[in-house]
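Novice: Below are the C-alpha cells for one structure; questions will follow.
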Amino acid sequence: MAITQHGSKYLQKILQDGTSLEAMVVIFNEVIHHLVKLMRNPFGNYLVQKLLDVCNEEQRTNIIRIVTSPRTLFVQISLEAYGTRVVQRLVESIKTTEQILLVTSALRVGFLSLATDFIYEEATRFCIDIATHNYGCPMLRTCVAYSTGQQRETITEELRSAIHYRNERFSSELKGHYEELSTQKFSSHVVQRCLTHYPESRPQIVNELISVPRFDLLVQDPYAKFVIQAALSVTEGSLHDMLVTVHSNLRKSP
C-alpha cells in the first residue's frame, strides 16, 4: 500500500492528522519492517519522511539503527534519488546523543563519496561540453579514473550515448558526399577514419563509392584509392564481397 501513490498519501494523511496514536503505532510497526525498501521508493519515501516528523525519539532511534546497520547502507541510500530525501529529513530531525553518534559514524564511512557525488553528477549532466573543452577534458578523465561502481557506470554510459548520437549526426551530415570527400586530400582521411572506426557507416560509404558512374576514376585517384583500400581491409561478409567483385571486374576490364 505504501509504495503506491494513493496508498502513501492516505497513510501520510493519517499521520498528519494525528487523531489516533494507535493508528500511528500500527503504521510505524508495519513500516519499520520494510523501511529501506520504502526509502528507495518514489512514493514510499514520502511516508517515511512524514513518519520521521511525527514519531517519538525512541522510534526515531530505531529507524536510525536500521538504516545505519551496516553503516555502508546509510551511504548507499544517501546517494540515491529518493533515499537522499529521507536521509536529509532524518539528519534534520536527530536530537539525542545516540542518534547523532549513529549518523555521524555512518557518514564518516562514506564521507568522500558523499562529498564528491555532486561533482560526478554535474560531470555526467554536461559530459560532452566538458569533454570538448580544453580544461574540461582532463577533469573528465580524472572523474572517470577515480570514480567507482555506479558513478563510473553512469558517466561512461552517458559518454557512450552522447558519442553514439554525435556519430549518427556526423554520419548523416556526410551522407551523399563520400565520393567527393574521398577525392580530396584532407577529407579523404576523414572517410578512411569513418571506415576504420565507425562500422555502422561502412555500408553507406561503400554503396556510395561503388555506385559512381566511373568507379575506375576513384581507383586511380591519388586520394580515393587509399579510401578504397581501407574499405577493402575493414569490410566483411556480403559488403566486402560486393566491393571485391566491383574492384576485380574493373581490373579485368580492357
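We number each residue from 1, going along the chain as drawn.
Heads up, the Cβ atoms here are built off N, Cα and C, so glycines get one too.
From a predicted model like this one, the values you see are computed outputs, not experimental measurements.
Pulled these from TrEMBL:
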DOMAIN    1-254  domain 'PUM-HD'
REPEAT    30-65  repeat 'Pumilio'
REPEAT    69-104  repeat 'Pumilio'
REPEAT    173-211  repeat 'Pumilio'
Novice: Could you give the number of helix, strand and coil residues in the repeat 'Pumilio' (30-65) as assigned by DSSP?
Specialist: 30 helix, 0 strand, 6 coil
Novice: Per DSSP, what is the helix/strand/coil residue tally across the repeat 'Pumilio' (173-211)?
Specialist: 32 helix, 0 strand, 7 coil
Novice: Using DSSP, break the repeat 'Pumilio' (69-104) down into helix, strand and coil residues and give each count.
Specialist: 27 helix, 0 strand, 9 coil
